[in-house]
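**Student:** Sequence annotations record features per position, and here TrEMBL assigns transmembrane segment to 21-38, 73-97, 109-127, 133-153, 165-184, 196-217, 282-303, 318-340, 347-367, 373-397, 409-432, 438-459. According to TrEMBL, the domain 'Major facilitator superfamily (MFS) profile' annotation covers 25-463.
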Amino acid sequence: MAEEVLLAKDGKCVGSLTKSLLAVAFLASFGSSMLYGYNLAVVNSPAEYIKAFYNQTMVARNGTGLDDKTLTLFYSVTVSVFAIGGMVGSLMVGILVTRFGRKGTLVRITCLVFIGGAFMGFSRSFGSPEMIIVGRFITGVHSGISLSVVPMYLGEIAPKNLRGFLGLVPSIFICVGVFIAQILGLHELLGKEEHWPLFLSLVVIPTMFQLMLLPWFPESPRYLLIEKRNVHATITALKWYRSKVNIQAEIEEMQEEQRSMSSVQTVSVIGLLKDRSVRWQVITIVVVNIGMQLSGIDAIWFYTNAIFENAGIPVPQIQYTTVGTGAIEVIAGCVGCFTIERLGRRPLMIGGFTFMGICCAGITLSLMFQSHYISVACVVGIIAGFCIGPAGVPFLITAELFKQSHRPAAYTVAGCLNWLSNFTIGFVFPFLQMSAGAYCYLVFFGVCTAVAAYVFFIVPETKNKTFVEISQMFAARNGMLEEESSELGVFNSLKLAKMNGYGAVDLEYDVIENKK
């Protein structure tokens, strides 16, 4: 475990990457974020087998099979119900993290994976297509919750100099989940008709490991101090995550955030939308989260096989080519994760969306001039550009742009918009493609360019900034004076006496009165 004390330019202590931080980042992402990626890709390989099962079941029930249109509708519901579950889950985030905490929520929602996995795994045994749809919905609810809670949890336990690195770990595991589903879906492994129920239900294995190990890790120190006001538990958690680094400065920074809040109570979604002190932060998460899905990445993933087939790649080889794109996703995600603390959030967002926009325009040109190999290169470029920045940074900055009281509501808004946009693009794209043809990708070019421009002109760099400093950066744009953005009431401030580099548990209470 790291022993050294690192100093920032301002002289304050910053944290090193300890084994505890790395372990909880990997464990939380492995049992939650990875399942999201896995569930996105798991239905692609066994699609024909699932349709055949639906048809056979209807023949057994009614004596007649389903026509092609009805069968396609059944399968479309199976795929899209995951996004509907995700949107439902995202609406529950604020309530759950306030009541159970960040880690507590992740532990409790593991039951959803076991229930959903059981429904899908035993669906063929019971001859019930409805069990697959219900299982997909339940696992979608789990992903909708965890997709917001994991980056929130990691963003709160990380020291400010590592918040970007740890915040992008979940995006790597999302890519890993897609990659694993693509590998297991190969015909040589689980891509056979007899294996598809097992293939769908394997989600329970990562969650089992998370359930066994994650409860042993501490809750978010910020949640413990600011919301629960449990200073003893806060000190214990910080010692666990920070090793020998002096935690006094970080305790004081949390207290500063607590004093700057008008209330320690969690703000509702309506309260968030009405609060003019966070107006531009809300606009920012709306733009980047909608832009992340409307960038066209889901449409590209859905039509990758068709593009590869049009490029002349033999059909039996397409599954291996798809696995290759999955490997590129993982590599691109790692590049973003290991460069974000050096480059910052803005360059990854601006560069990622700009590169995606250029590649979307490239696909239009390649389809117009029948240059299929260029279209393949552009597909790979869109996937790589997305995974480097836009795939993970929006979840990270949602944590960074808001203080403790506003963060759960912000994740609820961001998650709901993310899933709603995901569902919308999946529903609208086929009609857009039919009406606009090759020009439909210019719509995605426009979205990517607009989001990149917004980030360039509006969003400040948040690297190595505390949550209070980030709020102050938005104060002028929100039309708030510094005094107005500070506390509006009377607060008790917990102070720790320095002792042995950690701070003793002897408490002093200072009453700070609001001065207008």
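Note: Cβ is positioned from N, Cα and C throughout, glycine not excepted.
Caution: TrEMBL annotation is automatic and unverified by curators.
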**Student:** Using a Cβ cut-off under 8 Å, which residues of the same chain at least 6 positions beyond either end of the transmembrane segment (318-340) come close to it?
**Tutor:** 41, 45, 164-165, 167-169, 171-172, 174-176, 178-179, 182-183, 185-187, 191, 304-305, 308-309, 348, 352, 379-380, 383-389, 391-393, 463
**Student:** Have the transmembrane segment (438-459) and the transmembrane segment (282-303) got at least three CB pairs under 8 Å, pairs 6 or more apart in sequence?
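**Tutor:** Taking Cβ pairs at least 6 residues apart, the transmembrane segment (282-303) and the transmembrane segment (438-459) are in contact, with 3 or more under 8 Å.
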**Student:** If we skip the immediate neighbours and take only residues 6+ beyond the ends of the transmembrane segment (373-397), which ones have a Cβ under 8 Å from one of its Cβ atoms?
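**Tutor:** Distant contacts of the transmembrane segment (373-397): 147-148, 151, 155, 163-164, 167-168, 170-172, 174-175, 284-285, 288-289, 291-292, 295-297, 300-301, 304, 307-308, 310-311, 313, 325, 328-333, 335-337, 340, 345, 347-349, 351-356, 358-360, 362-363, 365-367, 414, 418, 451, 459, 462.
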**Student:** Which stretch, 109-127, 133-153, 282-303, 409-432, tops the Cβ pairs under 8 Å count with the transmembrane segment (73-97)?
**Tutor:** 133-153
**Student:** Go through the chain and flag residues at least 6 beyond the ends of the transmembrane segment (109-127) whose CB is under 8 A from any CB in it; none is fine as an answer.
**Tutor:** 31, 35, 53, 57, 60, 96, 134-139, 141-142, 145-146, 196-198, 200-204, 207, 210-211
**Student:** Note the mean pLDDT of the domain 'Major facilitator superfamily (MFS) profile' (25-463), expressed as a whole number.
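**Tutor:** Over the domain 'Major facilitator superfamily (MFS) profile' (25-463), the predicted model scores a mean pLDDT of 86.
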**Student:** Looking only at residues six or more beyond either end of the transmembrane segment (21-38), which have a C-beta under 8 A from one in the stretch?
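**Tutor:** Residues 15, 103, 106, 110, 113, 139, 142-143, 146-147, 149-150, 153-154, 157-158, 162, 166, 169-181, 202-203, 206-207, 209-211, 213-214, 217, 241 contact the transmembrane segment (21-38) from elsewhere in the chain.
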